[in-house]
Every structure is written in structure tokens, then in C-alpha cells.
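K.L.:
Supplied in C-alpha cells, the structure appears directly below.
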Amino acid sequence: MQKYFVEARQLLALAIPVILAQVAQTAMGFVDTVMAGGYSATDMAAVAIGTSIWLPAILFGHGLLLALTPVVAQLNGSGRRERIAPQVRQGFWLAGFVSVLIMVVLWNAGYIISSMHNIDPLLAEKAVGYLRALLWGAPGYLFFQVARNQCEGLAKTKPGMVMGFIGLLVNIPVNYIFIYGHFGMPELGGVGCGVATASVYWVMFASMLWWVRRARTMRDIRCAERFSGPDFAVLLRLVQLGLPIALALFFEVTLFAVVALLVSPLGIIDVAGHQIALNFSSLMFVLPLSLAAAVTIRVGFRLGQGSTIDAQVSARTGVGVGVCLAVFTAIFTVLMRKQIALLYNDNPEVVTLASHLMLLAAIYQISDSIQVIGSGILRGYKDTRSIFFITFTAYWVLGLPSGYLLALTDMIVPRMGPAGFWCGFIIGLTSAAIMMMLRMRFLQRQPSSIILQRAAR
């Protein structure tokens, strides 16, 4: 039992900085929304529209690069640190290629916004301007993620946290300068948020690069000392590992976007209540998501050491800690749901609906924690294809259709409105949790030689 407590302490030591880094990232989005809203409601709406298109695209690239963390962790655990720098260099090449693709897609997404039915021309113009300013930050963001994944693969999660808060501190004054046009800069309104955020991503990358080059613990890993061109064999392997993660993230983000679109015709009260419950649930999700990143590092490191038993201890401890956290957040949600809803809105109907939906959110928090930590475990085992198939099946084959039937039709029960979609979330996330755990057990029951062979690829 002692080994599980020791492992839990190590997991939390890795996870807490990741949690704080996620808080900083979320706060940056909050600052953009508030400061754009302070300029005008149209500019705030433009930032919201642009962000809704930016997030799926950039998270696709983010997911692709997550393959680097278990690769670095496994090489570190096996003592083959001399092979880390070449892998990271190829990570930068991959980030560069993906950045170009994302920038092209986002530039052309502007035409989609302009052609939206009944959209205000000024709103469309500002949203397109915001997106086309922000897209220049895509390379900086993805290069930062490569450096961050290198650090996290080496069990150094604090640098990502520090750079996240540096980005937040830089974002506020730079937003102010470009939104309102100070120090000789043009007054850009909401578009200035895009300029500021793009600039901040490059600052975060430069800061992280400076830290990596000066860190004593990484003096033997010098990615910038010699140039190497693209190694397509390594790039292909990273894509094979990362693409299922990227697609899983993309499908998860688009699922919630589709549900938001399906809820929107139900009326202002339903939309507001749904959005409040979803926003709070997203904040709670940061805890298991950060723990999942820590579990990936620990499982990858243990497999690199050649110990499948210790990898199992890391995996089981991660699930146990995740369930404990989820029980705590679920109880907190149930007890404080009305007070939480009042922080967002004081309309009695909105508060009542949001409080009701938060009860459903509390139910799925345990399943959500298990499935996201299960995903982190499978990443550590480099079994990423199953993550995609499980996520797609749970969300799009089970969760969304069942939510649609419950929310908008009378086929099963009288139409439930937004609560039906939340029941669909429960079905989808619970299915994902069960399938993740079954897959984990299947992997762990394989002979050690097969597990270690897969991890060493």
C-alpha cells in the first residue's frame, strides 16, 4: 500500500503545476473576452466567434504534438537521453508543418464567417480580422508546446506553469495597447486581442526556449546545437502516435460545439443555463486533465525503465486519485450548485435550469475523470489508436445520438430539452470510461516483452 501513497505524491507533484498552467491559459481567454467586451459588445462577440473556430484547429495541432511526451519519458526512463534531442528536433519540424496547414485553414475560415446567414457585416468583419491576426500565433503556440512536452517528458512540469503565467501577465498590457491604440499603436478593438494573443504565444515560446537552454538538468539535451533536416521516418512515427490523440481532441471539442448549436433554438433561458453548467464543468475538468498528463509521464518513464509492474502501479494510482478528486468536485457541485449559478447570472429561471444541469454534471464527473485519466494511461503505453476509436464511439455513436433523442424528440421519453443532452453526456462519458478501463486491463495482461516492445518503438 505504501508504494501507492508514494506514487500518489509523485503524481500530484507533477499534476499541480499543470493545473496552474491550465488556469493561466483559461485566464488568458477570460481576459480577452472581458477586455474586448469593455471596448464594445460587437468586439466581444467577434472574439467569441473567432475563438470558436480557432480552438478546434489549434487543439488538433496540440493533440498531434502530445505524442512527444511519452516518447521523451520512455527515452528518459531507459537512460537513452542522447536520443531525446533528435526526437524534439523532429517535433519542431512537425509543429512547423502543422502550423502552415492550420494558418491556411484559418485564413480561409474567414470566408465562412463572412458568408454566415444573417450575420451582421460589422461583426463578421471584426471576427475575420481577429482570426487573421491570431493565426500568426499558431507557430509560436505549437513551438512552445514542443518545448513544453520535452520538459514534461523529463518530469519537469513547473516551466510550463511559469511560462503560462508570464504569458498571462504580458497579455493584459499588450491587449490594452492594441485594443485601445496606445504608444503609437493603431486602435484595433477586438482585433487587437488577436494581435496581442499571437504576440504572447511567441513570447512564451522564446521564454521556454531560453529556460530549456539554460536548465542544468537538460545540459546533455541540446536541440539547437546542430541542425538536422526532416527525418520522415521519425515524423511518420510521431504522426502515427499523435494523430489519434489529435482526432480525439477534435471530436470532443466539436461535440460540445454541435450540442451548443442544437440547444440554441430552444431559447435564451435554455442556452444560458446550458452554457453556465458547461463552463463550470470545464473548470472542474482541469483537475483530471492535468492528472492525466502526469500519469502519461509516469507510465512512460516506468516502461522506459523496463518495469511493467511499476507502470501498473502508476496507472492504478492515477485512476484512484482521479476518482477521489472527482468525488470531491461532485459533492462540491451538488452542495454549491445554486450559489455557483448565481455567480454567472441572477435570472431565477436561468439559475434553476443551471442548478438542475449541474446535478447531471456531478453524476458524470466521476466517469469523465476515469475516461480522461484512462486516455493518459493509454498515451503512456503508446496505445493511441484505441483512444481515437473509444472517443469516437462513446461521443458520436452513443452520446450525441442518445442526447438528441432525449432532448429533442418524444421517441423514448417526452422531450427533455437541454437536460437530454446532458444525459447523453453521461451515457457517452460513462461508455468511454468503461472502454478505457477495459483496454487498460487488456494491455496490462499482455506479456511484459510485448508491452516493452511497443513502448520502445
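Cβ atoms are placed via backbone N, Cα and C, with glycine included.
According to Swiss-Prot, the protein has these features:
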- 11-31: transmembrane segment (TRANSMEM)
- 53-73: transmembrane segment (TRANSMEM)
- 93-113: transmembrane segment (TRANSMEM)
- 127-147: transmembrane segment (TRANSMEM)
- 160-180: transmembrane segment (TRANSMEM)
- 191-211: transmembrane segment (TRANSMEM)
- 243-263: transmembrane segment (TRANSMEM)
- 276-296: transmembrane segment (TRANSMEM)
- 316-336: transmembrane segment (TRANSMEM)
- 357-377: transmembrane segment (TRANSMEM)
- 387-407: transmembrane segment (TRANSMEM)
- 418-438: transmembrane segment (TRANSMEM)
K.L.:
Output the single range from 93-113, 127-147, 243-263, 316-336 maximising the number of Cβ pairs under 8 Å to the transmembrane segment (276-296).
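P.N.:
Comparing 93-113, 127-147, 243-263, 316-336 against the transmembrane segment (276-296), the winner is 316-336.
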K.L.:
With Cβ distances under 8 Å as the criterion, find the stretch in 11-31, 93-113, 191-211, 243-263, 316-336 that has the most pairs with the transmembrane segment (418-438).
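P.N.:
If we count Cβ pairs closer than 8 Å to the transmembrane segment (418-438), 243-263 scores highest.
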K.L.:
When you scan the chain for residues with a C-beta under 8 Å from the transmembrane segment (127-147), skipping those not six or more beyond its ends, what do you find?
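P.N.:
Residues 45-47, 49-50, 53-54, 57-58, 61-62, 65, 68, 88, 91-92, 94-96, 98-99, 102-103, 106-107, 109-110, 113-114, 163, 188, 190-195, 197-205, 208-209, 212 contact the transmembrane segment (127-147) from elsewhere in the chain.
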K.L.:
May I ask which of the stretches 11-31, 93-113, 243-263, 357-377 has the most CB pairs under 8 A with the transmembrane segment (387-407)?
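P.N.:
So the stretch in question is 243-263.
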K.L.:
So which residues does the transmembrane segment (93-113) touch in its own chain, when a touch means Cβ under 8 Å and the partner is 6 or more beyond its ends?
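P.N.:
Contacts with the transmembrane segment (93-113): 49-50, 53-54, 57-58, 60-61, 64-65, 119, 124, 127-128, 131-132, 134-136, 138-139, 142-143, 145-146, 229-230, 235, 238-239, 242.
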K.L.:
Can you name the far-off residues of the same chain, 6+ from the ends of the transmembrane segment (243-263), with a Cβ under 8 Å from a Cβ of it?
P.N.:
52, 55-56, 59-64, 66-67, 270-271, 274-275, 278, 375, 379, 384-389, 391-392, 395-396, 399-400, 403-404, 407-408, 418, 421, 424, 428
K.L.:
Apart from its near flanks, which chain residues at least 6 from the ends of the transmembrane segment (316-336) lie with a Cβ under 8 angstroms of it?
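P.N.:
Tertiary neighbours of the transmembrane segment (316-336) are 4, 7-8, 11-12, 280, 284, 287-288, 291-292, 294-295, 298-299, 358-359, 361-363, 365-366, 368-370, 372-374, 376-377, 437.
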